Every structure is written in structure tokens, then in C-alpha cells.
Amino acid sequence: MQEILIPLKEKNYKVFLGELPEIKLKQKALIISDSIVAGLHLPYLLERLKALEVRVCVIESGEKYKNFHSLERILNNAFEMQLNRHSLMIALGGGVISDMVGFASSIYFRGIDFINIPTTLLAQVDASVGGKTGINTPYGKNLIGSFHQPKAVYMDLAFLKTLEKREFQAGVAEIIKMAVCFDKNLVERLETKDLKDCLEEVIFQSVNIKAQVVVQDEKEQNIRAGLNYGHTFGHAIEKETDYERFLHGEAIAIGMRMANDLALSLGMLTLKEYERIENLLKKFDLIFHYKILDLQKFYERLFLDKKSENKTIKFILPKGVGAFEVASHIPKETIIKVLEKWH
């Protein structure tokens, strides 16, 4: 069992990487999972969980269910179970479940503990660590949420064996995102190694990167913005396709390529660096065909990104490999010219 400590100002917690241990709780626990994960992994968790009382709430699977209705269902289950401030919630699932349970636990009784048990690669390397929580709205993705750190995170690689290839590759996109912005050595490892032979090490390295970033910038005031590489465009893609055509990681892969196009046009990436990132995405089958339906509407959606300020879009753009820059005040004409390639 490997451990990563995340020491923050208000609380410390650990990420455990290895076989899911027995979890002993003296309080009530509400498990929230989705309709697919519950069938695959809920019995495994229930075997290892000892609590004062356990209840299970199952939400429909998919990004489009990360909404007010699902949030209300979670909270209603908590009220019916009479959870108190000493009780906790357990998120068993991917990024959607992690985000929703984190948010629900942050607002129930003004905040109770929750444990993250991520079952997808994307959730293990990204969504389950760092405390960003939220739900989607008709206006955009993750526009309502909070910062609420988990009590603990348990990552069992056995969960990943049940993932379809497409879901696994979507998680790799988030690893590439972190590598390109923060760690040139991880980029080289992904380029030269067979991921199957070093998966645990890559997950550990990715979580370590995110942990270091979160410790430095918990509330996303500066360096943590790098974790949003590909997300300004990616969230607009998800919204335009009604969260149905692409998995989150797939949309982020497209978003990274759009960001690379913009960085290349601004002289922040050389053609060699641009092609290097492109080839890495190709290696993991993360090149997708996508055409923007309405160029003007897509451009306007970019302003709904949470990083935008004073009617200015902020883009996270790679500055070479292993570094990034927050770019703003980019002329509309420059952005539109880049987007025309995708129209």
C-alpha cells in the first residue's frame, strides 16, 4: 500500500494506492454510486466496510446526470437516513460521482466528511484528489460547486480491470494534461514505455503532481490553473454535444489540441513541440473527429468558463513541454481563426 500525504492549511488527508483495506467507521455512512459501478463494485466495498449504519444511493450513470436532480436525491437520502455532522458520505465511482458527492457533503449541514473511492482512471489521477466539487447546469459545466477536501482517498487498481478501453483512454488524457503542463519526465515515460507495464507508477506520479500543485494552490489562484489545460475548450465541446457524444477525457483531449493550435499561433509552442504532444495523443488513440456546429455560439460558450474575468477568456496554454502559461486578452480574431480549423 503506497501513501501520499496531502497537507493543507485546514486539514490533512492521505491518498492510499493499493488493495482496498477494511474501512472501520463508528458513524453512519451513505454510499453513493452510479448504476454501472454499483453492479460491478458495490459488493466488494460492502465486504470491507464496517459502519454504524450503511445506506446506498444509486444515481444513473453519465455526465448528463450530474445535475440538481441527482444532487437532491443524494441529499434526500442523507436526510432520510438522518445523517448528522459526524456522519459521512462515500463516493464510489468515477469523476461524476466524486464531484457530486463532494459537493453534496460540502453543503449538507454546512459540511460533513466524505471518502473518495475512485473506480476509473480519470477519477484516480484527477477528480478524486484536490477538493474541487460541483454539478453542471443548463448554462455550463461545474458552474455550481465548492472546494471541499475528502477525509481520505482509496485507489484500488483492481477497479480499472472492468473499464472499457474507451473509458481507460479518457483517463490517460488527464495524465497527459498534467504531464505536458508540469512534468517533462512523465511525458518521456508515456512516450517510451508501455503503460500496462508501469500503470501503478504512472498513477502514483500523476497523483503526486496533483498533490504538490494542490498544496501550493488549494483554491486555484495561480499554479493550479495548469490543471485546466484543455478544459476551457473541452467544457464548451461537452456543452455543445449535450454531454453525450464524448466522455469527459475525450473532450479534454480535443480541448488540448485546440489549446495547442492557439499556443502555436501565438508562438508559445514550436512546431516540434506541437507535433510531440500530437503524437503522444495519437499513441493513446486520443485523436477525435469533431466539427464545431456554430462558431459564434461556441466562442460565446468560452466566456462561461469559471476562469473568465471581466469579459476576458483565460486560456491555459502549453509553453513548451513541461510548462504552461495563463493567456488572456487574446483578440477575438485570433481565437476565431484557430477555431475555423474545427468548423
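Backbone N, Cα and C atoms are what each Cβ position is placed from, and that goes for glycine too.
Fair warning: this is a prediction, and the values are worked out from it, not measured in the lab.
Swiss-Prot lists 61-66, 95-96, 119-120, Lys132, 141-142, 159-162 with the feature NAD(+) binding site. In this structure, Lys161 (NAD(+) binding site) is part of a helix by DSSP. In this view, Lys161 (NAD(+) binding site) is surrounded by 9 other Cβ atoms within 10 Å of its Cβ, with every protein chain counted.
The Cβ of Glu174 (Zn(2+) binding site) lies under 8 Å from the Cβ of Leu121, Leu122, Val125, Asp126, Ser206, Gly249, Ile252, each of which sits 6+ residues away along the same chain. Per Swiss-Prot, Zn(2+) binding site is recorded for Glu174, His231, His248.
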On a simple 10 Å Cβ count over all chains shown, which one of the binding-site residues Ser61, Thr120, Asn142 is most densely packed? Thr120
Cβ proximity for Lys64 (NAD(+) binding site), under 8 A, sequence spacing 6+, ordered by residue number, returns Asn136, Asp242, Tyr243, Glu244
Given the binding-site residues Ser61, Gly95, Asn142, Lys161, find the one whose Cα is closest in space to the Cα of His248 (Zn(2+) binding site). Gly95
Whole-number Å distance separating the Cα atoms of Thr120 (NAD(+) binding site) and His231 (Zn(2+) binding site) is 19
DSSP says Asn142 (NAD(+) binding site), in three-state terms, is strand
Can you tell me how many other Cβ atoms are located within 10 Å of the Cβ belonging to His248 (Zn(2+) binding site)? 27
